[in-house]
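What follows is a set of notes on a single structure, which appears directly below.
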Amino acid sequence: MDSILVTGNGPLNGQIPIAGAKNACLTLMPATLLSDEPLTLTNAPRLSDIKTMTLLLQSLGAEVSSLQDGKVLAMSSHDLTSHTADYDIVRKMRASNLVLGPMLARLGQAVVSLPGGCAIGARPMDLHIEALEALGAEIELRDGYLHAKAPGGLKGAVHEMRFASVGATENMVMAATLAKGTTVLKNAAREPEIVDLVRCLRAMGAQIEGEGTSTIEIQGVDRLHGATHQVVTDRIELGTYMLAPAICGGEVELLGGRLDLVGAFVEKLDAAGIDVAETDKGLKVSRRNGRVSAVNVTTEPFPGFPTDLQAQMMALLCTAEGTSVLEEKIFENRFMHAPELTRMGARIEVHGGTATVRGVERLKGAPVMATDLRASVSLILAGLAAEGETLVSRVYHLDRGYEHVVQKLEAVGARIERIKG
């Protein structure tokens, strides 16, 4: 099993290109199931999760071709041969559940295994089921699979979600594009990935309004056609690499970065003593003189502070001056990186959904273990500024969400290498 060796060194300087958004691409790919015409995605990230979604779509009979070194995905669902998403593929990645809505809308039936992915809490499917049932779907759980059918087709409805779930919003919006009549989704998630999905669906002929707000209205159409769509910049990769110069010092330009994707995160960086400036090519990040200042962080749905940057932010605050409090309100059990950071000398106390971080002057390198995708990169960031060597094991998580992480950090001066296991 591979590991990554990080040696603490000085400031980082240079440029890092930001890839297309993993979470957007994993939503856009199942949209091909809604049409019998080709869908092409450009600016696709090159990640293991994308390969998993490719295998899933191919198992349903879709054609998926990876072009231009994986940056372009050409897909066609002209001849679907199955409506069953098997456990062997779905167990590897939670986003597999996003084939449920599209298959139900186009085929009138779908059988989807309960999903897998990172071990960060229950993350139930209840909200997805409630949303699709509101459109007239009949869904039951048998033998670990969701069996869904809509023999008379889906019908538009007004539905208010109990929680602004990103995945449930995506599933319902895709399903509603082919439903009869008008669907109004209230308390919808507002994430940029949903805005990107709607832009793609609109290019395919869908009639949708309100993306980026808490109320989305979809007027169902008889069919969708093909389209070409550019995947939005990955705001989580962007935020992650913004933290590299914040932790190590120096000045790094993030190519393709956009402030509107990371607003609440940038506010916390500013409060901690980090400067972020827009450039012609993206965003430039540098740390003001001295140690960063402690800040309190509460994770919230967009446009609040993203849960997917909480672990990386904790790595920064481990060496802040003062005491920081991080409150996790999106997922349970998402402080599994805290004990590993403690092995490096961090002072962290976790009580339920709250972590208290008392800053120390410097962390010390140590062998640590990645427990999930974002935890793995937080340990790498911590190691960049730690004294000595940090060996991060179980980095297979990393390949699910970051392309060429070693090369990108090396390019700005980090001392980092991947060790094959």
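Numbering starts at 1 and runs along the chain as displayed.
Cβ coordinates are placed from backbone N, Cα and C, and glycine is handled just like the others.
Feature annotation from Swiss-Prot assigns phosphoenolpyruvate binding site to K22, N23; the stated evidence is sequence analysis. Feature annotation from Swiss-Prot assigns UDP-N-acetyl-alpha-D-glucosamine binding site to R94, R123, P124, M125, D126, L127, D308, I330; the stated evidence is sequence analysis. Swiss-Prot lists C118 with the feature active site, proton donor, giving sequence analysis as the kind of evidence. As annotated by Swiss-Prot, 2-(S-cysteinyl)pyruvic acid O-phosphothioketal applies to C118, with the evidence given as sequence analysis.
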Specify the secondary structure state of M125 (UDP-N-acetyl-alpha-D-glucosamine binding site) as given by DSSP, simplified to three classes. coil
These are the binding-site residues: K22, R94. Which one scores highest on other Cβ atoms within 10 Å? K22
Helix, strand or coil at K22 (phosphoenolpyruvate binding site), per DSSP? helix
Quick one, of the binding-site residues D126, D308, which Cβ has the fewest other Cβ within 10 Å? D126
Provide, as an integer number of angstrom, the distance between the C-alpha atoms of D126 (UDP-N-acetyl-alpha-D-glucosamine binding site) and N23 (phosphoenolpyruvate binding site). 20
Among R94, M125, L127, which are recorded as binding-site residues, the nearest neighbour of K22 (phosphoenolpyruvate binding site) by Cα: R94
Return only the integer: C-alpha distance in Å from R94 (UDP-N-acetyl-alpha-D-glucosamine binding site) to N23 (phosphoenolpyruvate binding site). 11
Based on DSSP, name the secondary structure state of D308 (UDP-N-acetyl-alpha-D-glucosamine binding site): helix, strand or coil. helix
Rounded to an integer, what is the Cα-Cα distance in Å between M125 (UDP-N-acetyl-alpha-D-glucosamine binding site) and N23 (phosphoenolpyruvate binding site)? 17
Going by Cα-Cα distance, which of the binding-site residues (L127, D308, I330) sits nearest to N23 (phosphoenolpyruvate binding site)? D308
Name the residues of the same chain, 6+ apart in sequence, whose Cβ is under 8 Å from the Cβ of L127 (UDP-N-acetyl-alpha-D-glucosamine binding site)? M161, R162, F163, S165, G167, A168
Ordered by sequence, the long-range same-chain Cβ contacts of I330 (UDP-N-acetyl-alpha-D-glucosamine binding site) under 8 Å (at least 6 apart) are T299, E300, P301, T307
N23 (phosphoenolpyruvate binding site), number of other Cβ atoms within 10 Å: 24
